Amino acid sequence: MPVATLLPFTATPNRKSASPTSFRLTEKFILLLVFSAFITLCFGAIFFLPDSSKLLSGVFFHSSAVETNTRTGPDSSDSGSAGNDERVLAKIRKDHEKALIEAKDTLQKRPEEIKQDIINEKEKVAKESVGQGGKDGNNLPFVEYHRPPGATGHEPLDSETRDRRAKVKEMMKHAWDSYRRYAWGSNELRPVSKQGHSSNLFGSIKGATIVDALDTLYIMEMFEDFDAATDWVEKNLDFSVNAEVSVFEVNIRFVGGLLSAYYLSGKEVFRRKAVELGEKLLPAFKTPTGIPWGLLNLKSGIGRNWPWASGGSSILAEYGTLHLEFMHLSKLSGNPEFAQKVMNIRKVLNRLDKPQGLYPNYLNPNSGQWGQHHVTVGGLGDSFYEYLLKAWLMSDRTDEEGKKMYYDALQAIETNLIRKSSGGFTYIAEWKGGLLEHKMGHLTCFAGGMIALGADGAPSDKTGHQMELAAEIARTCHESYARTATKLGPEGFRFDGGVEAIATRQNEKYFILRPEVIETYMYMWRFTHDPKYREWGWEAVQALEQYCKVEGGYSGVRDVYASSPSHDDVQQSFYLAETLKYLYLLFSDDDHLPLDHWVFNTEAHPLPVIKKDKTDRPNEVE
């Protein structure tokens, strides 16, 4: 009997193929049954025959060398089996150590962070399913997020240190709560008049204090405040403004703050905003030399320089303080243009002759020639040198060009600018056309920390000397605080006319909550554990509480030598970003933001070291 009469299936009249050679539905069904039986038989043999698991793994998976070695039992006759065993044990130990570090980091996470990790993992799987290198809805490549070690710390064991650390957190809470209460959404706070404040540095971009404080809130585990700040960033931070901004200030505060918040929390909104702003800053580089303008209209892309800067020159500390952020922007965006722009700056500099090996503060972006031969390690020059060193450290010590430029510059600074006063204080003078001005700015006091940070990368015969030099600079800067009525340091201090470490001009006597001296204390504590640096930091805490704290926050003072100084009525955003963060880390253990995993930008925003990539996966954050 024909098969068709056994089953109630017939060909439908609307089949797409009416060819006599095509199979009918009943024939397909029978073939499917036969094929299923065959597949069942084959897989049954694989699973139930001896050593079937090895056969299965060999067919469907590529076993690693370690897995193969561990399966090679005592019967193996390979003469290199002993060496293989040692490699296996070493690999197991390494994996065990890595697992312990990851477990320790996980134990410090909040439930919300673990939930975020799960969401990130789901997003990773979803994006991998549409192919590697795919881009999300914001045209950003997928990046595998791994939080670097030490994003949050633990309570110090010593009770005094623990109490002092808690005091600094209390200060942060007062500064932040006051800003939220009186100036939420404004760039900065006027703590005396209890209202918002904004300088022209940010154009009409808003929320500088919010973005600058993000990482400090996270590091101090003020997570509810961090979440409120994150919500504001997501809903209100807008860069589509027709306004002129300082490229330098917007980069170090906004780009740096957003990058740091991303690396600490893993929240994509920060990566997206950082890249968006970075792209808006790129037109600043449209000059004949590629040396960027100092000022840029974010809407028109038209740039210019400060009119007072040596005939319209670009400023060393401004164009030289983009490297760290722009290298991370390239990594997180997949766009090499950010890195290319800052690497080109080095090419221009390396073609120029340096007077006495020094870098003048002014460079004409049109001609590519130096402006006035004015050299400082303080304002106008400072962070250029800092970023040479930190570019090398952030590259996992692979950026040899940055390393050489830093140590060559430091040698020229030591030869030409560093002097010792008659009272035995080491200071860094300013150089103007070959003549020294024996003054040192508060901004220059960061150099003690910088020199200490770079000491172990110097030639072995110079490491000890550089640590001694760093300690001497720290002592000088502490002296500038100790010699005032308020125990707060002046904006600038001199070593001439019979005075030492004292401001002699009224326009140098103010204090605007600057962090540089505290920054050096923090680094010196990390590298020496000399208790005097914590004591000096605590002196600063007490002075801030006595003279700068007001009901509505913290204010700078106009004269540090006055016993009852008047307030300038500004709570700078960098007070929350830098001063309080460095104080908190000064009283924290070394594994809180460990320096072998993190590098601080010049606004104290921690950025992770870009580890040497052995897997050739450019979009993975280690």
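Cβ from N, Cα, C; glycine included.
Of the listed residues Cys477, Cys548, Cys477 is the one TrEMBL pairs with Cys445, by disulfide bond. In this structure the C-alpha atoms belonging to Cys445 (disulfide bond) and Asp382 (active site) are separated by 10 Å. Of all the recorded positions in the record (Asp382, Cys477, Glu516, Thr602), the one with the smallest CA separation from Glu249 (active site, proton donor) is Thr602.
Looking at Thr602 (Ca(2+) binding site) and Asp382 (active site), their Cα atoms lie 9 Å from each other. For Asp382 (active site), the nearest of the recorded positions by C-alpha distance turns out to be Glu516; the candidates were Cys477, Glu491, Glu516. By the criterion of other Cβ atoms within 10 Å of the residue's own Cβ, the least surrounded of the disulfide-bonded residues Cys445, Cys477 is Cys477.
Glu516 (active site) sits 11 Å from Glu491 (active site, proton donor), taking the C-alpha atoms as the reference points.
Between the CA atoms of Glu491 (active site, proton donor) and Cys477 (disulfide bond) there is a gap of 11 Å.
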